[in-house]
Amino acid sequence: MATMGFQPEYAGIALLAVPFIGSFLCYFMGRYSPPLRNLIAVSAPALVLLIAGLGIPSLSPDLSLRIAIENEYLFYTPVIQINPFSYVVILVTAFVWMLGTVYATGYLGEEERTNRFYAFWLFSFFADLGVLISGDYITLYLFFELLTLSAFVLIIHYQTHDAVAAAKKYLFLGISGAFLILAGAALLYAGTGSVDVAPLAVGSGLTSSQILLIAGLMILGFGVKAGMYPVHIWLPDAHSSAPTPASAILSGLIIKVGAYGIFVVCLFILLPSVISGSLSSSGSPAGLVLIWLSLITMIVAVFLALMQTNSKRMLAYHSISQMGFILLGISCVVYLGDAGSTGFAGGLYHLINHALFKASLFLAVGAVFLATDELNMYKIGGIWRSMPFTAVAMAIGVCAISGIPGFNGFVSKAFIHHALIDAQALGGWTLLPAEAIFFIVCGGTVASTGKLLLFTFFGETKLQRLPLDTTPIPMRAALFALSVAIILLGILPGLAIFFILPAAMIFPFSESGITYIAGYAGYGGAGIYSAGNIGYAILEVSVGILLFIAYVFWGWFHWEKKVPSLISPDAWYYRATGAFHSTGRFVGIDLLSGIQEMTRSADERFQERWHLFSRRHRRTLMNLSTFGTGILLITLVLGIYLIIIILTPFIGW
């Protein structure tokens, strides 16, 4: 067992303890010293990054940190573990969260509810890390629920009508997705007697249909958080309603928790089953279905992005589309079996890249909004002279997401493209249009993000006057650091491969596939910048330019026809929530009205006593009770779940 530079039994605890304690400190210290609160908020992810970074010298396929928490009252043993795969995601999460916090200190200033924001900001970081270091699906589920609840507070921060509606949609879908994960974990336990996040044993006793059911439930549950079509509908509303730092973290990191979960299911449940023959050999139908689901996610989202006028909504749809790229990489792994190492490398590389360039794009849009108070790109224009730094930062992000050579997105998309070609060669006619769809999506990304850059910064300004560039230094620092990281991972892909190779080597990929990854990205070769890859990128840009011209000429950017309700995911969401509410009232579980009736008399007595307190004491009680109620509700929810889990063996699961 590698020590990661410190005592292994303390590593996972330290990673969780820092943001957890920091969230409480931010709330209470913010009442007395906002600068100290900001320092605590920035220091927490920086300290997590430092703790995780101590493991770099010992990074290897043997890196393993596993702590089993024995408890006689639970039917399972909670496990905390870190392996080279989760380690990569932890490092990226801590780095981007740190920069997002630096940016937030300049963006938010002293707005209302800032203490609450930072408290739940770090609490979300705590829950995010909890998912990444969970060594069993039950613990993962509990942290997943915590992340849903804490991110809800970030989305609802401004408490506008749109923010409340977006947060409700996010909460409903997030909790629904979490229960699908729990259902999959319960079935896994029923069939194997274990819920550990570990490769599914060949003799697990599960049939192929049971494996597919478990994996399907979990992938759909994680897909909600990842923004996978058709359960993506919370994402555009949430991103556009939340404060810009929260939008950047939602898009750059929190949805990666969903992608991480899908990686875990595919690599630990589906991939061993494919290789062992429990499902089939390479070319499995499960992989084929996932590939098509990824392609549909990509193309639907990119065309929806093309039609947006709100900058944050456009980037939200691009988050969905880019998640499609990540899912495509891991889908190719399931389809190709032990020959799918290129898909794994591309998917994980793009997960890293997307966290960087999408955070950068959201933060650049936030800087523009702070200066112009406008998110509609059609109403801005011509501000590059007054905001050159932000214009350059956005241009770097646009080049990265578009896959331009020299930027990080080019490298990961090249990996995914090669994995898709391998899958297409194996799948024949079943994947005949797959590469064409990939090509169109890449072109659509160029067109839509190019629209964002051009309409925001160039042309004739639509503003009454050009804004002064008053972007605070913390916001500039975050944008600068992200831009540097984007370029470095583009021109030096070996920096990322240094982390990705050990992660790939813990899974049963062929030795030739591992060697190919190392040589292709610069470890012994320079295949990534081959003439073929660069030529493909040039064709993508050309298609993007043609799409942009066509959209401008025919007015497709302003296409306002509504999607028929029969095929609209949004319409089905409202049907489902309406049916859920109606059914709840019919069977008598509308708890809100019941609680209101039960507490009416108690509330009247409370009001009488409330006025006996001085104004100062009232404010103190309100501050304590507001924060305490949120934590209490979270604790109660988790307590109920734990009770259900404990009782599961006794009720015949």
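Any Cβ shown, glycine's included, is placed from N, Cα and C.
Taken straight from TrEMBL:
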- 134-430: domain 'NADH:quinone oxidoreductase/Mrp antiporter transmembrane' (DOMAIN)
- 12-29: transmembrane segment (TRANSMEM)
- 36-56: transmembrane segment (TRANSMEM)
- 117-134: transmembrane segment (TRANSMEM)
- 140-158: transmembrane segment (TRANSMEM)
- 170-191: transmembrane segment (TRANSMEM)
- 211-235: transmembrane segment (TRANSMEM)
- 247-275: transmembrane segment (TRANSMEM)
- 348-371: transmembrane segment (TRANSMEM)
- 383-404: transmembrane segment (TRANSMEM)
- 436-458: transmembrane segment (TRANSMEM)
- 479-501: transmembrane segment (TRANSMEM)
- 534-557: transmembrane segment (TRANSMEM)
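Proximity of distant same-chain residues to the transmembrane segment (383-404), defined by a Cβ-Cβ separation under 8 Å and at least 6 residues beyond the stretch ends, is recorded for 318, 322, 353-354, 356-358, 360-361, 363-365, 367-368, 371-372, 410, 413-414, 442, 445-446, 449-450, 452-453, 456-458, 461, 463, 466-469, 471, 476, 479-480, 482-483, 486-487, 490, 537, 540-541, 544. Sequence-distant neighbours of the transmembrane segment (534-557) (same chain, 6+ residues past either end, Cβ-Cβ under 8 Å): 306-307, 402-405, 410, 414, 417, 439-440, 442-447, 450-451. Counting same-chain residues at least six beyond the ends of the transmembrane segment (170-191), those with a Cβ under 8 angstroms from any Cβ of the stretch are 75-76, 137-138, 140-141, 144-145, 148-149, 151-152, 155, 204-206, 210, 213-218, 220-225, 231, 233-234, 237-238, 261, 265, 269, 573, 577, 641, 648, 653.
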